[in-house]
Ligand code: DGL
């Protein structure tokens, strides 16, 4: 039985999942977090689901060595490919980011036309469309893969003319679809929110699934009696691990989570 004061495990292929970790930190400031970014194997979005499932299993095995009480797959691609496969193997709660994003988008849309941008893997899986249609059949869903945005974010090119040009090409196709809501269906993309927002215009509401994911996590922890009861202000709450180049990750993470990132440890994820 997991301990309520154990950490929450959060992972992504790289830095994108920090957008979800940041929201968990905001909503549950006393909770401890172990974050893993698979920087040696990013991007996941152009890999097969079998490969992403194998990576996900290895990361879960690593997180279990850290005695986590719950796991958040802070990656749309891994949620799309692996959540249903791995959730039955575990005796702790595990959630992804897709249901949260779908729910928020349905609440936001007025004209019933929702767009999704994500990796090739996420869009190809059709999982957002399936989940949205299960909730509201009449909604029109248009997906657009934007594979180059992930390496641009990993390189820190958040405000750059190259990123602008590439995002503009990807988004032009969605502009003709009259969507009023766009899901940022990759956890890297909220870091490009201002660029995407400017290109889509003020009439399109951007949905970042991170906020709803943190809410869902809180609810799941409550249901399982797993909300921590310690005062987080006195402990070293956040631990970061990567599979490659710890220093690069630390400086990027420190710019997103000011004051929270002291060091990052590199591990060999293939050993798990
Ligand atoms: N940030 C991830 C996602 O939400 C993965 C990006 C990638 O590795 O391609 O899909």
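Every residue, even glycine, has its Cβ placed from backbone N, Cα and C.
Automated prediction, rather than curation, is the source of TrEMBL annotations.
These figures come from a predicted structure and were not determined experimentally.
Taken from TrEMBL, the feature substrate binding site applies to 12, 13, 44, 45, 76, 77, 187, 188. In three-state terms derived from DSSP, residue 44 (substrate binding site) belongs to neither a helical nor a strand segment and is classed as coil.
The local packing around residue 75 (active site, proton donor/acceptor), expressed as other Cβ atoms within 10 Å of its Cβ over all shown chains, amounts to 36. Per TrEMBL, the feature active site, proton donor/acceptor maps to 75 (among others).
Summarising the annotation, TrEMBL assigns active site, proton donor/acceptor to 186 (among others). The Cβ of residue 186 (active site, proton donor/acceptor) lies under 8 Å from the Cβ of 16, 45, 76, 77, 117, 118, 119, 122, 146, 149, 150, each on the same chain and at least six residues away in sequence. Classification of residue 186 (active site, proton donor/acceptor) by DSSP places it in coil, neither helical nor stranded.
Neighbour list (residue 188 (substrate binding site), Cβ cut-off 8 Å, at least 6 residues apart, same chain): 14, 15, 16, 19, 149, 150, 153, 154. According to its DSSP assignment, residue 76 (substrate binding site) is helical.
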